Structure formats: C-alpha cells, structure tokens
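If you look up TrEMBL, you'll see 1-33 marked as region 'Disordered'. According to TrEMBL, the feature transmembrane segment maps to 71-91, 116-136, 157-179, 199-224, 257-278. Per TrEMBL, domain 'Mitochondrial adapter protein MCP1 transmembrane' is recorded for 172-282.
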C-alpha cells in the first residue's frame, strides 16, 4: 500500500512548480530602514517621544529637514518668479513691473521673512543633504567592516542622484546671483533698495553674453532641481513606482516625461519674462545708471569677459 500523501495542486510541481513572484526590494531599501522593513517578531513596540517623533535614526531626521526646508524656499521661489517673469509678461514693461516689485519685495526681503524663507531653509537644505550623504557612507563602511584606509578605498560612496547633482550645480549659480543682487550692493552702498529689474536689464545691456548664459543656466538648473525634488516628495518620481507587473516600465517612462514636461513649462515661462522682457529692457541712464555701472565693474568675472 502506498503511504505517500496524495498529490495536490500545490505540491504537484515541486519547487519548479511554485509561482514566481517579484523579488523583495530589500536590496533597494536604504540600510538605515532595513530593520524596520523586516521587524523582529519578538520586538517590542517602539516608544514615541514626548513630541511624538519616535525613536528614529539620523537619516530619518536629516531627510525630513531636507524636505521641510524645501517647502519654505518654494514659497520664496513662487514670489520671485512672479516678480521677475509673470508680472513683466503681463505689463510688457520693466519700469511698470518695478512698481509691483516694490510692493511685494518687503514680504520676502524683510529682516524677519528673508532669514525664514531664504537663509535658514537654504542652509538647512544643503547641510542636511551633505550630512545625509556622509551618514550613509559611514553606514556602508560599518556594514562591510572597513577598518583600515585601504579597506575604505575599496567601498564606493553612495551614488549621486540626478536631482542631487543639479542641486550641487545650482549652489555656485545661486550664490553668484545672490551676491550680485544682494551682497554686493549692501557691501558697497550699505543697502540694496536701489536694486530692481532695471538693474538686471542694465546688466544684460552691458554684458549680454554672460547675462543670457548665466540667467538661462540659473533658471534651467533651478527649475529642474526643484521639480524633480517635489516629484520625489510627492512620491511621483520614476524610481518610486511600486507596480510589479508589465506596466511598471510604462509608468516609469510616463513619469519621466511628465516631470520633464512640467520642468520645461516652468523654465520656459520664467525665461519668457526674464529674457524676453527684462533682458531686453536696456541700460539705465542718469545717476542710477552710474551706480549700476559701479556695481557691475567690481565683479571680476564680468570685467574679464567684457561685453
């Protein structure tokens, strides 16, 4: 008599007959989150702190500092694109747009709002991103047991994403723009109240090549970095697709094209007002024009490039 158990549909095919499923994304999960991804069965519930933040690792806090700091800076960017592009497109006049600039500029350039919307968020965003990269590097060295300098050289640094690369490229562009429009006037004249859209038009008239190239690079890099960053915060980035069926590749492609289309639309709008109206406003005459000349003549890169 055969004592073997009856063959069932679940055991008939043996190992080769098992249904194939997608592999677990554990290898794509950052090391600092893998413990939470596969919690221990005997682990006790995590206790929350007094503020309800919980016992999270450093990467959790750094990521949220990087995220929430971008919210505040986006508010400033919205005001800025309105003043430098949308309003000039409607008025088709630099002098008329300056009136609206003077009305709205105190909201994001006052002693209180400028640090809250620009300075502190920018510093927090950059430093948290760099700190997060070093933290993940340290975690990788610890995971692989790298103790000597030779061991550490064999372990690669965490890869730099395209969004992060754009952010690093944006730093010198934004710093130069901030210095020429805020830092330099305050350093030479004590304040920057005379700086307006006419000052930008004056720079385009004096140094057209550097101005057009620099402004295009600043807007393009800034818009693409911001749009892709917001796509990540909203869970809409291509690498965040969770579907495991055949549509995964199609969804990722649609998201890639969609994010770049939004980036191109926003950048095109900004450049249309910035280059098409402000960039063609011409030089300023009189004593204000001479003050503009003095400011631009103190910038070494403009003196070396000439006109």
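Cβ atoms here come from the backbone N, Cα and C positions, even for glycine.
Automatic, uncurated: that is what TrEMBL annotation is.
Same-chain residues lying 6+ beyond the ends of the transmembrane segment (71-91) with a Cβ under 8 Å from its Cβ atoms: 97, 100-101, 104-105, 107-108, 116-118, 120-122, 125, 197, 200, 222, 226, 230, 266, 269-274, 276-278. For the transmembrane segment (116-136), same-chain residues at least 6 beyond its ends with a Cβ under 8 Å from one of its own Cβ atoms are 30-32, 58-59, 62-63, 65-66, 69-73, 75-76, 108, 157-158, 160, 164, 167, 171. Note on the transmembrane segment (157-179): residues 126, 129, 133, 136-137, 140, 214, 217-218, 221-222, 224-225, 228-229, 232 of its chain, located 6 or more positions outside it, place their CB under 8 angstroms from a CB of the stretch. The helix, strand and coil residue counts that DSSP assigns across the domain 'Mitochondrial adapter protein MCP1 transmembrane' (172-282) are 87 helix, 0 strand, 24 coil.
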